[in-house]
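Note sheet for the following structure.
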Amino acid sequence: MSVFNKLMRAGEGKILRKLHRIADQVSSIEEDFVNLSDAELRALTDEYKERYADGESLDDLLPEAFATVREAAKRVLGQRHYDVQMMGGAALHLGYVAEMKTGEGKTLVGTLPAYLNALSGKGVHLITVNDYLAERDSELMGRVHKFLGLSVGCIVANMTPAQRREQYGCDITYGTNNEFGFDYLRDNMAWSKDELVQRGHNFAVVDEVDSILVDEARTPLIISGPADQATKWYGDFAKLVTRLTKGEAGNQLKGIEETGDYEVDEKKRTVAIHEAGVAKVEDWLGIDNLYESVNTPLVGYLNNAIKAKELFKKDKDYVVIDGEVMIVDEHTGRILAGRRYNEGMHQAIEAKEGVDIKDENQTLATITLQNFFRLYDKLSGMTGTAMTEAAEFHQIYKLGVVPIPTNRPMVRADQSDLIYRTEVAKFAAVVDDIAEKHEKGQPILVGTTSVEKSEYLSQQLSKRGVQHEVLNAKQHDREATIVAQAGRKGAVTVATNMAGRGTDIKLGGNPDDLAEAELRQRGLDPVENVEEWAAALPAALETAEQAVKAEFEEVKDLGGLYVLGTERHESRRIDNQLRGRSGRQGDPGESRFYLSLGDDLMRLFKAQMVERVMSMANVPDDVPIENKMVTRAIASAQSQVEQQNFETRKNVLKYDEVLNRQREVIYGERRRVLEGEDLQEQIRHFMDDTIDDYIRQETAEGFAEEWDLDRLWGAFKQLYPVKVTVDELEEAAGDLAGVTAEFIAESVKNDIHEQYEERENTLGSDIMRELERRVVLSVLDRKWREHLYEMDYLQEGIGLRAMAQKDPLVEYQREGFDMFNAMMEGIKEESVGYLFNLEVQVEQQVEEVPVQDGAERPSLEKEGATAAPQIRAKGLEAPQRPDRLHFSAPTVDGEGGVVEGDFANDEATGDTRSGSADGMTRAERRKAQKGGGGRRRKK
């Protein structure tokens with residue numbers, strides 16, 4: 001254990017003693033609640049709310065509130081919270097991550113802090129890993145809250161904004177991290193206050209917190225719209241790289257020359273093109289220099305094509321189904337619908353496989369899960385495996401981790417690892433072990449790391465005549481059924497890593513599923529034959545329960561569930577999750593991992609040292625070794641990978657912190673505009689700042705006689721219908737020498753304010769305020785989108801600054817700040833220009849159309865329902881809005897991959913674009929001329 005982890009655990013005993021005291025306190029008053037009627041129990045909720053309003057803290061109310069929930073759960077669900085569950089609930093309320101083993105009833109624990117914190121009336125969010133669990137928990141645990149008079153909502157995909165608003169309005173809301181995150185982003189793309197759905201971020205309880213806050217933290221949530229991208233290059237480069245050969249890196253010091261056209265580093269998952277490869281590519285493409293700025297995007301296409309060829313393996317990293325490349329999750333082995341790699345990687349794989357290449361998208365709004373969860377005033381979470389990541393929870397989220405004791409002692413026997421020289425020998429031993437255990441009837445769960453390996457093992461088992469079920473990416477329709485029955489006598493289940501988190505494997509089987517299967521066999525359906533189903537269910541359930549009870553005792557005597565891992569995962573946590581499937585609630589169980597030197601983890605780390613040990617010992621292929629040195633090497637390899645992944649996540653956070661501060665400014669500004677704040681004063685400041693900026697650019701050097709005032713006035717005329725002339729200023733100052741920058745500024749500012757008042761008198765104040773609101777929102781959104789694109793581009797190349805002995809992060813912060821300032825100047829300049837140059841007409845009713853690109857004279861259209869005056873800007877006809885908005889988010893247990901899909905039309909926010917002929921403001925053009933980089937193509 002590292003020194004840091006020891007320090008992290010130093011205060012553990014103190015916290016556990018405090019939690020024990022709370023649990024004892026709740027138990028001591030339990031009897032007071034038993035004799036209350038349902039109505040009296042329900043009335044306590046209002047009493048607690050009043051006491052909170054009168055100044056009592058939630059901590060003061062905790063013992064009574066917890067005792068109330070315990071009694072309600074007994075009456076509604078027939079389940080009483082154990083004392084250890086009370087401890088877990090208290091840990092969550094205090095803002096800790098509670099580590100509770102599989103089968104300890106984490107879902108029931110969530111009801112305690114949810115009820116207590118909902119008494120404040122500010123809302124509680126319970127966050128799960130998928131829609132199925134969110135709906136299941138909100139329905140089941142929601143019964144307890146509803147019984148106590150609280151409202152319960154559930155956010156799932158494809159809900160309309162009105163439905164979402166209603167769910168967020170509830171006291172307690174269940175949903176997935178992606179849904180909560182996207183609603184936050186969409187709220188910050190809304191065009192009127194009426195479109196907002198969330199009501200703040202008060203308290204969140206995150207179920208499977210390690211999966212959501214650790215595994216998924218490297219992948220941001222992104223809302224995007226279609227971008228212009230040439231897909232032909234993907235196909236061209238896919239063909240081209242088949243003619244390039246893989247080689248090794250050179251080393252000048254050792255006199256080793258590089259070989260082949262490119263090299264691949266599997267450990268870091270990177271590729272590098274050699275000089276020979278560059279020469280071939282330049283020759284085939286007919287270009288002089290691949291690394292010229294005009295050819296920059298081609299380097300990205302080339303790197304992706306090589307990665308697709310060398311690092312992404314079919315049937316391990318992805319499968320091709322119906323002409324579509326589907327990513328296989330490396331943790332769970334499941335296909336997640338719509339999941340795609342970003343940065344053009346998915347398109348490169350599509351080109352390699354010769355299927356249709358789908359378009360890339362442009363980012364409209366983005367946030368990492370790390371920063372989203374840091375928005376909450378109080379955050380807590382629960383999981384079966386958190387201690388290995390305690391340092392990360394503390395450093396990034398300021399969350400302590402508390403291991404909650406189990407209700408019954410854990411009696412699972414964790415056997416030591418067996419290591420074989422070859423993979424074939426390892427799988428032969430695995431099959432022997434399974435056949436032996438299966439013969440006596442012990443249920444077995446086998447964990448593999450890929451679809452390919454699960455199918456190979458399945459073939460070997462079939463040859464031996466062992467009946468088994470396969471649970472992998474190609475089988476996930478039957479997932480819940482297979483998992484539920486994996487604890488039955490003689491069951492053999494082969495699972496790609498452990499999919500199906502949130503479903504317990506009960507020894508002897510699951511009576512609910514058995515009863516349902518029995519009724520379906522009789523031809524009944526819960527939807528079509530509601531009454532018959534309801535009538536037949538109790539009897540079927542009773543029969544199933546008796547059968548399960550008898551089988552449970554048999555399986556228990558056989559040693560419980562045997563978990564067999566066929567490979568160590570790069571994260572100890574995933575291994576522990578697989579092990580944790582066995583030995584729930586004090587049941588017996590056993591686990592063992594079989595390894596070989598061909599396993600990915602061993603191949604990438606320490607394999608040579610282990611190979612040496614085996615060679616020296618002269619061990620035959622089919623004889624395993626149990627060697628402490630080898631076991632230590634594996635543990636060291638795992639901690640290296642974990643540390644590497646932690647550093648990556650910390651790095652993502654450091655860079656996102658820069659964008660996060662900018663996001664807070666922009667979203668704060670948007671919210672002020674949406675909430676109807678009078679922008680008149682702000683627009684006056686915009687005008688003054690823009691005029692000052694124009695004048696500063698033209699008068700920064702030389703004397704008045706040398707200034708190009710004609711050019712300056714030309715710029716003013718583009719901005720607004722300027723009335724004051726250079727001659728008038730010269731006359732007022734006496735001569736040209738008397739015309740100072742301050743004098744020009746004062747005169748032009750007075751003029752622009754007069755012109756603006758005149759325009760307001762023509763249109764009317766109400767119309768002008770509404771026009772200001774729409775213009776500022778429109779410009780703000782478009783400039784922010786362009787800024788995100790620029791920041792993306794900046795981050796991609798910033799690592800190269802290290803070669804110039806500069807800190808990439810410091811450079812990113814500095815340049816990001818400059819770009820943000822240029823964007824803010826651009827927002828002011830464009831807003832003023834639009835307010836003067838848009839032709840506006842008032843209409844009784846107007847169709848909802850978004851703002852779109854114009855040329856010299858942009859057009860502004862109404863978007864979103866609002867009670868403000870209905871106006872329409874006359875100008876060029878607006879092009880069509882993009883058909884859809886796209887989303888991209890981390891997968892459940894995903895590393896590197898993303899779930900992608902399209903929002904339903906009523907979920908999407910309008911795309912608002914307008915701009916000058918080259919799409920740049922003067923501020924941005926000046927920045928580009930200085931070499932600060934204007935708009936650039938993204939690699």
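Cβ coordinates are placed from backbone N, Cα and C, and glycine is handled just like the others.
Site annotation for ATP in Swiss-Prot covers Gly103, Glu104, Gly105, Lys106, Thr107, Asp504, and the matching candidate from Gln85, Gln521 is Gln85.
If you compare every pair of Cα atoms in Gln85, Gly103, Glu104, Gly105, Lys106, Thr107, Asp504, the residues listed for ATP, the longest distance is 17 angstrom.
The Cβ of Gln85 (ATP binding site) has 27 neighbouring Cβ atoms from other residues within 10 Å, across all protein chains displayed. According to DSSP, Gln85 (ATP binding site) is assigned to a helical segment. Sitting within 8 Å of the Cβ centre of Gln85, Gly103, Glu104, Gly105, Lys106, Thr107, Asp504, and not among those site residues for ATP, are the Cβ atoms of Met100, Thr102, Leu108, Val109. Here the binding-site residues are Gly105, Lys106, Thr107, Asp504, and the one ringed by the most other CB atoms within 10 angstroms is Lys106.
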